[in-house]
Amino acid sequence: MRYAANRPVWMEKPSPLLTVVKAATLATIVALVLFPFLVVVSTSLSTEYAIAQAGGVVVIPTEISFAAYEQVLFGGVVARALLVSIGVTGIGVVLSVSATVLAAYGLSRPDSFAHRPLLFTALFTLLFAPGIIPLYLTVKQLGLLDSYWSLILPTAMNAFNFVIVRTFFSRLPQELFDAARVDGASELRILLRIVLPISKAVVSVIALFYGVAYWNAFFNAMLFITDESKWPLQVILRLYGLQGQQLEVDPNQIPPPQQATQMAIVVLAIIPILIVFPFVQRHFTKGVVIGAVKG
Amino acid sequence: MTGSTRPPGNHRRLWRHRLRRDRALLLMTVPGLLLLILFQYLPLLGNVIAFQDYVPFLGFRNAEFVGLANFRALFADPAFWNAVANTLIITLLNLLLFFPVPIALALLLDSLFHERIKKFVQGVMFLPHFISWVVIVALFTQVLGGAGVINQFLLRHDMEPVHIIGNASVFKLLLVAEVIWKDAGWACIIFLAALSAIDSQLYESSAVDGAGYWRRMFHITLPGIRPVIIILILLRLGDALSIGFEQVLLQRDSVGPDAAEVLDTYVYYFGVQGGNWSIAAAAGLFKAVVGLILVLSANKVAHMLGEDGVYRRP
């Protein structure tokens, strides 16, 4: 078998029993993770009849219908919330990644001016969180309540992501920059032309971290936003998916089953992550996260 | 490096020279640090209301200072101590039930030699970490809830349904199960790193000397990842007062505050919802200060045990 070649020569051959146990464990783990997703997708695609037949939740779809998706995607609160989430995540990621990469590069050289106090300022935030009430008062004082910026700015800079990028930058060989510096290239130019092209892995990882954080955030919206038309998808999902509120329906049409629409909102909340995740996953173990954690 | 080669000349000129040389780098740090100062440091000032009789209408400039009265009221509130107790119980359950899982998963993954299978399983295991709490609560309700898949199956086969979602007596275990589902796979990334850092020659020479699988496990593998295990236990202890806030908030109402209230939800419901801003701010400040003391002492313990700890020894 092919994989046997990867086993070091000194290691004894695994017993057949152990191999079976291992395979069964792996299969169980994969099933435990993926099964809930299957249930959600199947239920969202089912008709009233199929859901009733199955007893409320569908594991394997029998009758497929896209009515639930048509209802939530065309007009109404869910479509609006989807746009809010997309906008907040898009703008947030650009802002966060720029601020983090700039700060990480600016503090990547240990001999630069005021390096230690500035670095300490960033790292000390890892040791405490500001607390709900003081943060609320700050956002209120800054006049950001009920503004989309309240969903972006408070979490825009994350010291952990900063550490990941900074560790990566400070391990790049200095010779890379020296020649450019002798030629009189500005620091910004060095960052954009030399450093960023070889840092795609680390940048895409923190972009995913920030993107997921913005997309998944629900409490900040609950705390800062009272105007329902500005609520992001997660808040709407809680309202209609968990607390069982009914979506408004067109009185001229037969509405799709409530379970299906609820699960369709869940699917909408998962899909962007499922799309982006595989592209970034290979970088996790490529020393990006691990290197930073160990460093 | 540059420090030793620099001429020992005028100190102030050196200072100015470095400022001019590094001004581009300094400018780059401004947006990031400004965000941290605005939303991490500036809120610290807001803690002043913990010592005031704060009314939102008047603002904190006009609020009356009341000394430690808010803390006295807080410590006399049984709901506060209930929240503290729940928080500590959940932390303890997490340490006992969650903590070993990623270590076991990492050992399992590390023992796979088929790259494709390893990559696939790893991807599947990392994925739930990126799913929001709102979605996870919905997923768990679909599978374990009163009308969920499991109970449908039990009913169809004439068995007693199980009461899991909305049952106060198993609520804390449900929380831990959700955390395991979401984060155990992701948490093993750090153990995988530690495992890959173990010198493979150690394994080879001990195997040549006749050490079997379990012997190698207890004499090479586990000692090799010991520093990481200790650091993570200490980190978790230092963070003992923080429970996944969104996770609890989303499910608190299904079982009520007696079983589900933790410190953060206490602050939210009592303060923001109940309008007791000052007392809740006192609770938040209590949590932050105790948390900081816990982290720093956990680190001290790490140093005494001869480990590097969360930050390096000075």
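The backbone N, Cα and C atoms fix where each Cβ goes, glycine too.
Residues annotated as domain 'ABC transmembrane type-1' in TrEMBL: A:82-280.
Taken from TrEMBL, the feature transmembrane segment covers A:20-42 (among others).
The annotation transmembrane segment is assigned in TrEMBL to A:49-69 (among others). Listed as Cβ neighbours of the transmembrane segment (A:49-69) (distance under 8 Å, sequence separation of 6 or more from its ends, same chain) are residues 38-39, 42-43, 256-257, 259-261, 263-264.
The transmembrane segment annotation in TrEMBL covers A:81-105 (among others).
Residues or ranges marked as transmembrane segment in TrEMBL: A:117-136 (among others).
Taken from TrEMBL, the feature transmembrane segment applies to A:148-169 (among others).
The transmembrane segment annotation in TrEMBL covers A:190-213 (among others).
Feature annotation from TrEMBL assigns transmembrane segment to A:260-280 (among others).
Against the transmembrane segment (A:190-213), stretch A:81-105 shows more Cβ pairs under 8 Å than any other of A:20-42, A:81-105, A:117-136, A:148-169, A:260-280. Highest Cβ contact count with the transmembrane segment (A:148-169) among the listed stretches A:20-42, A:81-105, A:260-280 falls to A:81-105 (criterion: pairs under 8 Å).
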